[in-house]
Amino acid sequence: MPHLDDTGGFFIVAVDKIAEMPGDEGGIVFRQSANADRDSKKNNRDSRDGNWNVANRVAPVLPVRDETIVNSMRAQYGIDGDAAGLRDGLVTRATGDLNVSGTPQPKRLYYVSPGAKRLVAADGNAGGLQVVAVGVKAFERQAAPGAKCAYRLTQEGLDSMLPFLEKQIVRASLAEVEAILRRQQGEPQTAEAQRKDLLRDPDAPEGCWEKETVSAMKKVTPGCVVLVTRVREDAETARDEPRAKKAKKEKKEKKEKKEKK
């Protein structure tokens, strides 16, 4: 169970109320003192103003409106901010430190759908909605010299952002991905990977020997790079190999017959 291992799990239970408790036919009436009501309104107001809700320890949900962040993602990853919904779909829970230009730079950026953002904004000025978690952590601040964007993609947000990536993406074969992961984990390489790695170009990254992979790696710039396994392409190539061999053989036979004539 999550609570036994202290993994942060929680449970949601739906309770169907069929009757009032004995002696509570009139319902339960909650009474709040004037001081408690004043403190609650202050905490809600602080949350709307971008400060922590001191009573409930809940950080506010702040929209990210800095155009330079979205534009830098376009320059680094080729993500169209409008198509991906980044201009309206990025939020954060804390403004973060100031960068060299004096602009707040949040540490984490969360990606929310239009519907979720409308739900969060529906509270208006009431301040009664305490949002504990919202969206998917899509970007996290990085320190990469030479990178055009101050944020890297996260594993959690990759499913949402991958369809919009046009840069910084490398499609490698399954054997190459396995070799890279083995090197990172400190595990020994397979005999085939060792043989192919010895034959790779001197300027090719370690663990990359396929021509397409090396070409893609040479195009990336400093910063975050997304490595995608080329499983589907490998499967299609394997299916096409017999047909390609057959076509090559037929072409050769036709050429030989023509030369005999």
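Cβ coordinates come from backbone N, Cα and C, glycine included.
Feature annotations, courtesy of TrEMBL:
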type: COMPBIAS; residues: 36-49; note: compositional bias 'Basic and acidic residues'
type: COMPBIAS; residues: 193-205; note: compositional bias 'Basic and acidic residues'
type: COMPBIAS; residues: 231-244; note: compositional bias 'Basic and acidic residues'
type: COMPBIAS; residues: 245-261; note: compositional bias 'Basic residues'
type: DOMAIN; residues: 1-18; note: domain 'SAM-dependent MTase RsmB/NOP-type'
type: REGION; residues: 32-52; note: region 'Disordered'
type: REGION; residues: 185-205; note: region 'Disordered'
type: REGION; residues: 231-261; note: region 'Disordered'
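Predicted-model confidence for the domain 'SAM-dependent MTase RsmB/NOP-type' (1-18) is 66, expressed as mean pLDDT. The helix, strand and coil residue counts that DSSP assigns across the region 'Disordered' (185-205) are 9 helix, 0 strand, 12 coil.
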